[in-house]
Amino acid sequence: MRDFLKRLPKAELHLHIEGSLEPELMFALARRNGVTLPYDSVEAVRSAYEFDDLTSFLELYYQGMSVLRTAEDFHDLAMDYFRRAHGEGVVHVEMHFDPQAHLARGIELDAVMEGLSLARREAERELGMSTALIMAFLRDRPAEEAMKVLESAAPYWEMLDAVGLDSAERGHPPSKFIEVFQRARMLGIPRVAHAGEEGPPEYIREALDLLDVCRIDHGVRCLENPELVARLRDEGVVLTVCPLSNVRLKVVERMTDHPLPQLLGAGLRLTLNSDDPAYFGGGMLDNFLACHEAFGWSRETFIQLAGTAIESAFLSDKRRLELHRQLADCA
Ligand code: HPA
Ligand code: ZN
């Protein structure tokens, strides 16, 4: 099964590129940039990764990215992940990035965009991978700030496949960002949002009705509201589920408690994703394997999930067809 899951052409739709920063690269970049880390070894960093919830993770996540300063750093970060993902049979990666987290540290958007763009071209050329870029707004910061970031990103609008919404969910409903997402819509930029990870089902409904998103990131708490589940099914809304993330952030206690089988049984369209692989104990292949171990899913189920990811990815018609063919060959 491991061999099959590795060969399966996997499209990843929910990844925070800053959350792919492995401790080894964190230390290398800290040295290169003269940044002091509050750890004395790679092992010390790894053993600090014990989280009680989303908030306790975000603290270390924002601290970890302090080593990212130049375009070269962002390039190295993304290439390090693309190479690892390629080795696990990932053929397409859609990466969220958090401009506000960098701007707050005095790192300009130009450096982030230059580094990520360079890495995207390199991944396509050298690894045959396709990639997409999702500019995420931090929902625990003011909506006015998000609007400023969106406007200041004008030189890069063409390069954005979508805007997203992440960071601490509770108390920061999608309704806070109506104007920002309306502006993105006016600009012709597609929209996605994290909702129903730690926040209530109502946030999922708001994301759909008020932000007009085309996918929901996480969304697992929809199960608390049967009407919402029926709506998600009827409208074919895709949820980008991150099983190992949900265990690490205690959204669920253990993999065998994860609601993936119920979500699938309810007829929802789902994809499997790694979220923040450096922090949550594994990449795409580990997430697929964890589902196999916990639920005993057959090849057919994984083919279905991989197919949904290809269907709902931000891809050209040509590339989508190519990936559907690869999937058919693998099956
Ligand atoms: N949830 C919300 N915000 C995030 C996450 C997450 O899992 N990772 C990085 N930002
Ligand atoms: Zn996420």
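For all residues, glycine too, the Cβ spot is worked out from N, Cα and C.
Where the annotation comes from TrEMBL, it is an automatic prediction and has not been curated.
Keep in mind it's a predicted model, so treat the numbers as computed, not measured.
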Identity of the Zn(2+)-site residue among His86, His92, His194 (reference: His14, His16, Asp275, source: TrEMBL): His194
Additional residues around Zn(2+), ordered along the sequence, whose Cβ is within 8 Å of the centroid of His14, His16, His194, Asp275: Leu15, Gly19, His96, Asp166, Asp217, His218, Thr240, Cys242, Ser245, Asn273, Asp276
Close-lying recorded positions around ligand 2 among Glu197, His218, Asp275, Asp276, where CB distance stays under 6 Å: Asp275
His218 (site 'Important for catalytic activity') and Glu197 (active site, proton donor), distance between Cα atoms, whole Å: 5
Euclidean distance between Cα atoms of Asp276 (substrate binding site) and His218 (site 'Important for catalytic activity'), Å: 13
Those recorded positions in His14, His194, His218 whose CB falls under 6 A of ligand 1, listed in sequence order: His194
